[in-house]
């Protein structure tokens, strides 16, 4: 006899529902339906429903517990470690080949990790192409620069690119002072106590220009693409531009396991690790504070060059690094402060407008005719 089956002495028509829960958390619904046409009994019982499950609460990873300043410092150290390793690889294949291999590997990693959507808005295509060119030019110029001048000097000069973008178009005296401070710092960097490679300085300036173009094109791409799609496509485009040169100039060096292993280390240290750490840091602090802390990049590069590559700087050069750091940090801080003030002013005006609207529900719009006002008063639902 089926579970829950019961005989009836006479024909019945009815329904009965009973619910329960066992020790495992399974809910059981005992459903009894009695319908007796022609004295036939139909019974359906004991329907088990799986227990309700809820998504687990998000847990914090060990990295999330690290203070934000240490995360930002770790990201900068990782970037400069990658640059130091890349400079050691120049003896195996040359700076240009290492740079092209780095660009190609970065483009491939971007496609594998972010898996972008290839169908994008046409308005984003020029920005993606420009961003890819900027990435390729920035890497080629930077590697050519650190081949000729110390790492700390190259990074400090390159930092003029984003600083120029931040100060461009400003008419404030304060921003002009930041620009003069950075320029004076770069002049102090030229005091190397010996011959300075002006070709290396020029390549560092070109790398800074590429960094500035990266920021400008990235803003355009960000408006027309979602997530990392635009950046991944731009990196792939830059890799496609560098691939023919890599194939023709790399030769047998591309089969060197030391070179390939070194490039893998550079890719991890210069791209994957900093990106993950920076995203974690940005969950703890504001982007403006993050920008100020990242202004320490030239100083970190100078220390990395001294410790990892034996590239000591003179006292005047350390002063130049400090001046560029102060200029970049000051510009980022006061720009963020101005942005916060503008947002507060907009919020205050929004609250004032809302209060005015509540106090004057039948306001007269500028340029409205008497007929429009009459229609608004007669049928407000038509205009709200």
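Backbone N, Cα and C define each Cβ position, glycine as well.
Database features, via TrEMBL:
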| type | residues | note |
| --- | --- | --- |
| DOMAIN | 199-329 | domain 'EamA' |
| REGION | 345-367 | region 'Disordered' |
| TRANSMEM | 68-86 | transmembrane segment |
| TRANSMEM | 92-113 | transmembrane segment |
| TRANSMEM | 125-145 | transmembrane segment |
| TRANSMEM | 151-169 | transmembrane segment |
| TRANSMEM | 176-194 | transmembrane segment |
| TRANSMEM | 200-221 | transmembrane segment |
| TRANSMEM | 230-247 | transmembrane segment |
| TRANSMEM | 259-277 | transmembrane segment |
| TRANSMEM | 289-309 | transmembrane segment |
| TRANSMEM | 315-336 | transmembrane segment |
Compare 68-86, 125-145, 200-221, 315-336 by their Cβ pairs under 8 Å to the transmembrane segment (176-194) and return the stretch that comes out on top.
315-336
Are there 3 or more C-beta pairs under 8 Å linking the transmembrane segment (230-247) with the transmembrane segment (125-145), counting only pairs at least 6 apart in sequence?
yes
Flag the pair the transmembrane segment (259-277) / the transmembrane segment (92-113) as in contact if three or more Cβ pairs fall under 8 Å (sequence separation 6 or more).
yes
Helix, strand, coil: count each for the residues of the domain 'EamA' (199-329), based on DSSP.
115 helix, 0 strand, 16 coil
Outside the transmembrane segment (92-113), at least 6 residues beyond either end, the same-chain residues with a Cβ under 8 Å of its Cβ set are 86, 135-136, 139-140, 142-144, 146-147, 228, 231-232, 235-243, 245-246, 249-250, 253-254, 256, 258-259, 262-264, 266-267, 270-272
